[in-house]
Amino acid sequence: MNYQILARKWRPQYFRDIIGQKHIVTAISNGLSLGRIHHAWLLSGTRGIGKTTIARLLAKSLNCQNGITSDPCRQCIICKEIEKGLCLDVIEIDGASRTKVEEMREILDSIYYSPIKSRFKVYLIDEVHMLSRHSFNALLKTLEEPPEHVKFVLATTDVDRIPKTIISRCLYFKLQIISEEKIFKFLKYILIKESIDTDEYSLKKIAYHAHGSIRDALNLLEHAINLGNGHVNIKNVTDMLGLLPEKYSFLLTDAVLKKDSKKTMLLLNKISSIGVEWEEILIEMLRFLYHISTSQSFPLVWEKIFTEKYKNQIQKIAQNNKKTNIQLCYQILLNGRKELKFAPSQKIGVEMSLLRVISAI
């Protein structure tokens, strides 16, 4: 059974398929089309947003047997070998495990040999910021005047740790985190292609908790599919992410705003028994209060993904409470979240934050 995880199956194979990096894709594609090819590229950004994918696409574009192109054919031997990770002229190096200067010199000594069957030897150095100072010095000498048949693509999640002298010798591209909306649309597209049932609210939750990373979103989606036995629904997503179930956001916020201490404590005990993390309680209440506040301040155009029940809960609390109380509640809970790490325990921190709201409003 040759099952491919979603992150690999849906890895972009053309520059045009890359999500959320239009400014970078356009610059690289135009450079390839015009024949303005640099000897080194540096890609920086958080995890799972396309650095390695762009690096491999560059390797394919430079070595495609149909010529240097921004649109590799994927049919020639070189393209196929690069996609399978079998091309001997594309050398992927993990900077985190090859930090010693001796190892870097050994690698750099090989650059003077001609490519075996490709147009260029392409060195992809991932997590390049992990290299030692001496390794950077060795790399710098090569980056200054590399052989014509050699190209470098460097990738990092921490560009501040890379010497300025290295950066100045590369075409530097800073990748952006992917917007929640773009991740949501991509997940929806994948599930349609995979013929998997879902609801948009579940995908929105996954997109939010991916924190701008496509790879993280796909891994969460994979988990949700397995948990739901081939389906994705909000209950499984809520359980998987350890989120506060929607109904408790309403009940807890309502109890606090009604200054009902007893009900508040009973609800907290109930919520803790289902395994929700204490900080998550404050996060979900803050998000709920945000929606209440915006619905009070201006006519809110509700997103289609919100359930009718959720909208009704928001509107009910918004109509029955003063704007100042909602704002004060938000401020106290926000400060409570900041102070959570200083509390004797997270349980005590959350309880005291809610009791502080009840005393203040």
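Any Cβ shown, glycine's included, is placed from N, Cα and C.
If you check Swiss-Prot, you get these features:
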BINDING   G45, T46, R47, G48, I49, G50, K51, T52  ATP binding site
BINDING   C64, C73, C76, C79  Zn(2+) binding site
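Taking the C-alpha positions, the distance from G50 (ATP binding site) to C73 (Zn(2+) binding site) comes to 20 Å. On a Cα basis, C79 (Zn(2+) binding site) lies 19 Å away from K51 (ATP binding site). For C73 (Zn(2+) binding site), the same-chain residues lying six or more positions away in sequence with a CB closer than 8 A to its CB are C64, Q65, N66, C79.
Sitting within 8 Å of the Cβ centre of C64, C73, C76, C79, and not among those site residues for Zn(2+), are the Cβ atoms of K60, N63, Q65, N66, P72, R74, Q75, I77, I78, K80. A helical conformation is recorded for T52 (ATP binding site) in the three-state DSSP classification. Each of the binding-site residues R47, K51 was scored by the number of other CB atoms within 10 Å of its CB, and the largest score is that of K51.
Using a 10 Å radius centred on the Cβ of C79 (Zn(2+) binding site) and all shown protein chains, the other Cβ atoms total 21. Taking a C-beta cut-off of under 8 angstroms and a sequence separation of 6 or more, C76 (Zn(2+) binding site) has the following same-chain neighbours: C64, Q65, N66.
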